[in-house]
């Protein structure tokens, strides 16, 4: 059972951007 790379990647990129935006 592999998680959706697209969904995980998108969420990861958004979270990463938000983290570095603070």
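Cβ coordinates are placed from backbone N, Cα and C, and glycine is handled just like the others.
Just so you know, the Cβ of residue 12 (NAD(+) binding site) picks up 11 other Cβ atoms within 10 Å once every protein chain is counted. Residues or ranges marked as NAD(+) binding site by Swiss-Prot: 9, 10, 11, 12, 13, 14, 15.
The residues near the NAD(+) site, meaning same-chain residues not in 9, 10, 11, 12, 13, 14, 15 whose C-beta sits within 8 angstroms of the mean position of the site's C-beta atoms, are 8, 16, in sequence order.
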